[in-house]
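Novice: Shown below is the structure under consideration.
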Amino acid sequence: MQITPTLGLLLALSFVISLIALSILIWAIANRQVRTPDQDDARTIFAPGEGAEIDEHDKPHHFDPVRAGIDASSARPVLWLVGAAVFWLIYGSLHGLAASLELHLPDMMTGAAQMTFGRMRTVHLNSVAYGWASQAGLASVFWIIPRIFHTRLRHAGMVKTGIVLWNIGVAAGVAAIASGWTDGLEWLEIPWQIDIILAAGAACFVLPLIQTARARKVHHIYVSGWYFLAGILWFPVLFVIANIPGLHWGIEQATVNWWFAHNVLGLWLTPLGVGTAYYMIPKIIGKPVYSYAVSLVGFWALALFYSQVGIHHLIGGPVPTWLVTLSIVHSVMMFVPVIAVAINQHVTVARNLWAFKESVPLRFISLGALCYTLASFQGSIEALRSVNSITHFTHYTVGHAHLGAYAFVSLVMMGAIYQIVPRATGKQFPFPRMIMWHFWLNVIGFAVYFLSLTIGGVLQGLAMLDATKPFADSVTLLKPYLEGRSLGGGLMTLGHVLLAINLIALAFAKRETTETDNMVAAE
Amino acid sequence: MTDKNKQDPRLPDETFEPYEANRRIPLPVYWIAIALAIWGVVMLVQTSHSTLLADKERAALDKQDVAANAPVGAEPAASGKTVFNANCATCHGEFGTGSVGAVPPLANSDIVKAGGAKLIAQIAMRGIDGPITVNGTTYDGHMPNFASALDDKEIAAAASYVARTFTGAKDGVSAEAVAEIRKASAGQDPWAGGAELAAATPGLPAQPSAPQAAADMVQNADVATLVSQGAGSVWSCASCHGDQGEGTQTVPRLAGLPAAYIAKQLHDFQQGTRENDSMAYVAKALTDAQITALADHYAVMRAPSGARPSLDGDLARGEQIAREGDWSIGVPACFTCHGPSGFGVAPDFPALAAQQPAYVAHQLAMWAGGSRHNSPLGLMAGIGKALNDADRRAVADYLASLPPVPATPKVELTAMRSDAQPAKETTNDQ
């Protein structure tokens, strides 16, 4: 398709319109056109200094979700989601580990087609993306939304139906992939017939959330609420459009494919992760996030710029240059929302480092938030043509993907699970030391994983660009780095097993009597 | 853990609700946002500019192609001279004097005088494979055909230039006439020496009779099977190198390469001194006799060029490297060793003309990187390292634009063979 000047102009306009919208927003904030919330309340909070004392219930910014019966309405669906998510986490990790081993031990599992790398990796991706990250994120959403809206969760039964449908969909999808039945596009492998089940499950999640949001008893929606509500509306649109069979062909299909694949990360998993961190960080520390104005910029810049980002996967492909350049520009513009989120979250943590020591869930969550900043900066830079020509088609990209999906989203979700589950069940985790082990296994494992793939990926890219080296050189040089990746992946998987053990032990433990005490999961 | 005293007193109570403080956006956020927005706009404007430029260039190229294919009448001599110097002068000399005992002269040639530009065009279109007598001297004629290397207009220009400049003829030949000749020559073997030319063109001087090529070498049944069907676990040569040995992409053209060179490469693959997993597997399954027979098979093969410049190389730069070398980077001309027009010099130097460009560029890169290291005296390693990526593509594309090598005639090969070793050894002993 030759891109006409008119079409190019329209595409460029989408960037310009986004820019104008962002400028208007910033202007409005700067000139106090947007009413910032509870300005008087904020003043009364900060005047005395260190905030309020415990057990004083009529002061602003305090609300008891237990007394209001809110947690009771959402605890069941949330626990179901956590259980299912952790199952898929273990299942997906084992497949990821197997796929990683197969790269440097190619003769290990050659017996059956189900065990080959192509299927192992795909099963890994789909089970961790749709089984683990999505459901863990939804657990946070269903826990946090009623709490910040001061109202109980509506249609909890429908949510449970959704959970059942969703897990049937993921299981069927994963089984289909393992048996060789796929739609053949990365991130869209689950056959569209099975996608119908997933779409029905998603609908059962969306409606209760909308009902709960409409019945909210607060005027101001806290920033986590924006991210969650936006994500829960964006994802079904993305999922349905990208999965409708026979709608797109050829280059168009590749474009839609990557538009979807990147938006699953940026407009679904990212809002879940950022929204959870936005709630959990101040909640655990007991201090507000840095600035309402900054969080507005962060959210709207994400909403305006992210949707065009995915086409940078097709740099060098037969896609109109315009489209790719537009995508690169949007990718780099992502610096704006990421910096905004970074200011809001990291400043709050940095001023309260004592809490980092005090709460292990906070450690997971704020480290995850830090990795969001890193992954996003890395992604923006990776989208530049000069960098992409080296890193494209190498393991560097895999390292980047895991920095985002694992070190950011997964760590935040694990922290959220450690924070939520004791409050939803009224029970403490039986093995608090195991949580520490989990944390350090994940941190060390991921560091080994990420450094191996990043260094190996760059060397691989340089070797592939060097015409004087045979292609096989770019493969053989990777071996030690792939082994490092398996080691790191093994440590991470071990950490997940500890999480599962703790959860199972908690499920069988007896409820303690002092339930709503001031409890932090570890220590 | 349930003991409250062990917890940090700063931990909030469970009823604390997260909220956003009321602060201004820090100034650096504005600066970064503005800087990125400006960068984005500049980037988009730049791309739109280069896209428009590329579109214009493409349109201009399309127009050029249309112009090049348009029919033209008799050609101006200047253009014919360019084509002649680039393609014919490498053997026949800039002044058409030929080379004593090897290449017949064109200047004052009795054959050119008798046949005119039309005959030259006919010869250029099919090539010659057989003895030819010019001005009373008999030459062992091997001329490549230029059908694949030159278009009608270029052949017409060069043929007219030769007839007019070297024999003072008044008439040239038109591109339309050359197009007719091209149609008539399609699928034809090279002219079997002067005898066949004389039969087709009245008025030529007496010509020696063509040798009986067919009887000279018995077609080896074993080789035919190897080439077309493979044997045992070994796949056929033709499955990659093509049924005419013309090669494709990084698979080389074999037709017309010196027999000794082909045999040496197969032995090198066998012993691992030349690396290629596919060829090592194949070569290890071959006996020495089979290798010799295969080498002979391809050495005498005549095939039209299947190669076209396809690597975006700078043809002028490629021509410079091939014909003159570039002493500023210490690279000698390809043709000093690989023969005029890159036709190869048996037994050690393979033909380069009409070789697949991707293969040539890849091999040059492999020499440079040391993955190919089987050249005598490490000569090619030095050259490969001196050439950069653009040069490698340039020279490969230029070589691909040349006409294919005239194959070693069967008669000659048989003679060489019987000198070197008993002919019997070439038959199969599997």
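Positions of Cβ are set from backbone N, Cα and C atoms, glycine also.
As annotated in TrEMBL:
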- A:6-30: transmembrane segment (TRANSMEM)
- A:78-99: transmembrane segment (TRANSMEM)
- A:127-145: transmembrane segment (TRANSMEM)
- A:157-178: transmembrane segment (TRANSMEM)
- A:190-210: transmembrane segment (TRANSMEM)
- A:222-244: transmembrane segment (TRANSMEM)
- A:256-281: transmembrane segment (TRANSMEM)
- A:258-523: domain 'Cytochrome oxidase subunit I profile' (DOMAIN)
- A:293-315: transmembrane segment (TRANSMEM)
- A:321-343: transmembrane segment (TRANSMEM)
- A:364-381: transmembrane segment (TRANSMEM)
- A:401-418: transmembrane segment (TRANSMEM)
- A:439-465: transmembrane segment (TRANSMEM)
Novice: Please indicate, using numbers and ranges, the residues of the same chain that are 6 or more beyond the transmembrane segment (A:78-99) and have a C-beta under 8 Å from a C-beta there.
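Specialist: For the transmembrane segment (A:78-99), the nonlocal Cβ contacts are 109, 115, 117, 120-121, 123-125, 127-128, 130-133, 135-136, 138-139, 142-143, 160, 163, 166-167, 170, 174, 410, 413, 417, 420-421, 424-425, 486, 489-490, 492-493, 496-497, 499-500, 503.
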Novice: Could you pull the average pLDDT for the domain 'Cytochrome oxidase subunit I profile' (A:258-523)?
Specialist: 92
Novice: Which one, A:256-281, A:321-343, A:364-381, has the most C-beta pairs under 8 Å toward the transmembrane segment (A:6-30)?
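Specialist: Maximum Cβ contact count belongs to A:321-343.
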Novice: Same chain only, please: residues at least 6 beyond the ends of the transmembrane segment (A:364-381) with a C-beta under 8 Å from a C-beta of the stretch. Say none if there are none.
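Specialist: The answer is 270, 273-274, 276-277, 280-281, 284, 331-332, 334-335, 338, 341-342, 345-346, 349, 356, 387, 400, 403-404, 407-416, 418-419, 439, 443.
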Novice: Can we call the transmembrane segment (A:222-244) and the transmembrane segment (A:439-465) in contact, meaning three or more C-beta pairs below 8 angstroms at a sequence separation of 6+?
Specialist: no
Novice: Determine which residues of the chain contact the transmembrane segment (A:190-210) at the Cβ level, with the cut-off under 8 Å and only residues 6 or more beyond its ends counted.
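Specialist: Contacts with the transmembrane segment (A:190-210): 126, 130, 138, 141-142, 145, 153-156, 158-159, 161-170, 172-173, 176-177, 181-183, 228-229, 232-233, 235-236, 239-240, 243-245.
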Novice: Near the transmembrane segment (A:127-145), which same-chain residues lie under 8 Å Cβ to Cβ, leaving out any that are not at least 6 residues past its ends?
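Specialist: Distant Cβ neighbours of the transmembrane segment (A:127-145) are 71, 74, 77-78, 81-82, 84-89, 91-93, 95-96, 153, 159, 163, 166-167, 169-170, 173-174, 187, 190, 198, 205, 209, 212-213, 224-225, 228, 231-232, 264, 268-269, 272-273, 275-276, 279, 405, 409-410, 413-414, 416-417, 420, 424.
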Novice: Apart from its near flanks, which chain residues at least 6 from the ends of the transmembrane segment (A:293-315) lie with a Cβ under 8 angstroms of it?
Specialist: 14-15, 18, 21-22, 25-26, 29, 34, 36, 223, 226-227, 230, 254-255, 258-263, 266-267, 270-271, 278, 323-324, 326-328, 330-331, 333-334, 336-338, 340-341, 343-344, 382-383, 385, 388-389, 392
